[in-house]
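Features of the protein shown, as given by TrEMBL:
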- A:29-50: transmembrane segment (TRANSMEM)
- A:86-308: domain 'ABC transmembrane type-1' (DOMAIN)
- A:89-111: transmembrane segment (TRANSMEM)
- A:131-149: transmembrane segment (TRANSMEM)
- A:179-198: transmembrane segment (TRANSMEM)
- A:238-259: transmembrane segment (TRANSMEM)
- A:285-307: transmembrane segment (TRANSMEM)
Amino acid sequence: MTTSTEVKRRPLAGAAPARARRRRSGGGYAVFLIPGVLLSLVVIVVPLLMNVGISFTRWQGVGTPEWIGLDNYTRLLGDENFWASFRNIIFLIVAMAVVPTLLGLVLAAVLFDYVGKQIGPRTASVLRSGFYLPQVLPVAVTGIVWGWILNPSFGALNAILTNVGLDALAKNWLGDPAYALYSVMVIMVWFQIGYPVVMFMSGLQRVDPELYEAAAIDGAGWWQRFRRIAIHLIKPEIYVVLVTTTIAALKIFGQIFVLTRGGPGNATLVPSYFAYQNFFEKAQVGYGSAIATVLTVIIVVLAVVFLRIQARSERRDLL
Amino acid sequence: MNARLSRSAVLAVLTLLVIVVLSPFALVALNAVKSPAEYASGGPLSLPDSLYFKGLADFWIRVDFGEKLFNSFLISASVAVLAVIVSILNAYALGIGRVRGRGAFLVFFLLANLLPQEALVYPLYYLSKEVGLYNTQLAVIIIFTAIQSAFGTYLLSSVYTAFPREMLEAAAIDGAGKWRTLWRVVVPISWPSLSVLFTFFFIWTWNEFFLPLIFLISNDKQTVPVALGVLQGDRMMDATTTSASALLGIVPAIIFFLIFQRTLTRGVMAGAIK
């Protein structure tokens, strides 16, 4: 898309002086990049390269790092906590990306298509705000809210269960390794659900109502119209939501820090908290850097793959 | 009749779902204004006989919440202003100036924003100690300005690529240089996009936890999420005090949400089109 307009624009600006002026002016604009590039070098590029370098050393954070080659990485492969953190992340991707996307599609379709049209757009937008509210909270605050509700001794959930005579269901939600990860998953679904609902509802506004009416005349039911038309047309939003929520899941730290500190044992350990422990609690900086590097590689690969898929499907739609 | 019945059924199910989603907020609000004695006797669902604000007030004084609000506000506002300025300068060069290598720059800024902060944190921690910026709010402001402006550059560059060329040419004919054109023509016209960016940067920075947790170790420099987050698990935190602390964390977020709701909705849509 961009390339085709550029190709078209160039012959228009075809006169030689104009082209020369443009080239000169391009050079003049580069000055504006200096502050941003300097800042990125100092805060992002140099630290990132340092982190990769440190991952090949043994270092306590003081003194001289000792070069040990790939030892940290081979140690990772045999570290039970490392594998546990990535197994837990897969569960959290289900809770933060897959479930909210699927639920979000259904909720957005019902809110936009049914509530918005049959009952009124005002009701639809009030309900939408309700679903979105958890998203505005700082992640640490969601941890505080749920840490209290699920607390085994003074938490609200167990107190409510006892009140209604269901004491048998009361659990140590975050302290029992059998339930901790599932509890965190439910919390993350609660936290994330508003984002896909808002994104998909705004995408559905692009769907031409005439297309729907035509399909209805052809005898397509609500579900068929939703599946064949709506999902197809809001594909860009679905991709954006899946990429951003998957990456958010890979990076999760705040809720884990406040709710469980990765525990009990390693039942809710995640890579970012695992790296944090090695950096700041165990002073195994080289090992922590190796974890962070692996996480970075996974995120960058995922981002590139997703962007490729998105670009390809956009091209296909143009044809 | 049938249609009406299914209408009410759908509405009832949705309303119930929203109530479930909002119930944690209601629980927090209900128990933050309850005395510990009442919580002990009536449990989390009982309505308090009278509003009890002492728990909130005690917690406010105990953590010096006013100071934490000020710190959060100072950091978030500084980052939002600075990151918008850096984004404007970058996007002016990339979107309007179309400098050489702009594709590579855009990919770089996009990836810079996606990077996990864990991959930067230890070197930043080490370097900030070396230059004496550790445990200062300035360090946090500089770091988040870089991270947020990476996203801002990516988004704003695509906005500026579509900027009407005639306006730039008209400014050039009037004898305005690039610097003047930027501030007198480009910035005023792109104001709606800039206000969306400002809103995002402010709220994102306000909500940040990981880097402020590491960089702001002394109590008087901490932000709201960090101060509340580190108190979790403290022996002093009983049910009503925890609710009070959660409520104090929720209220500013909801206020921002209400103030910025219009801008935010517009912004989420701009993100979708990108």
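Keep in mind that glycine also has a Cβ here, set from the backbone N, Cα and C atoms.
Nobody curates TrEMBL annotations by hand; they come from automatic prediction.
For the transmembrane segment (A:285-307), same-chain residues at least 6 beyond its ends with a Cβ under 8 Å from one of its own Cβ atoms are 48, 51-52, 54-61, 65, 68, 72-73, 75-76, 82, 239, 242-243, 246-247, 250-251, 271-272, 274-279. Sequence-distant neighbours of the transmembrane segment (A:131-149) (same chain, 6+ residues past either end, Cβ-Cβ under 8 Å): 107, 155-157, 174, 183, 187, 190-195, 197-198, 253-255, 257-259.
Sequence-distant contacts of the transmembrane segment (A:89-111), counting only residues of its own chain at least 6 positions beyond either end whose CB sits under 8 Å from a CB of the stretch, comprise 124, 127-128, 131, 181, 184-186, 188-189, 191-193, 195-197, 199-201, 203-204, 226, 230-231, 238, 241-242, 245-246, 248-250, 252, 270-271.
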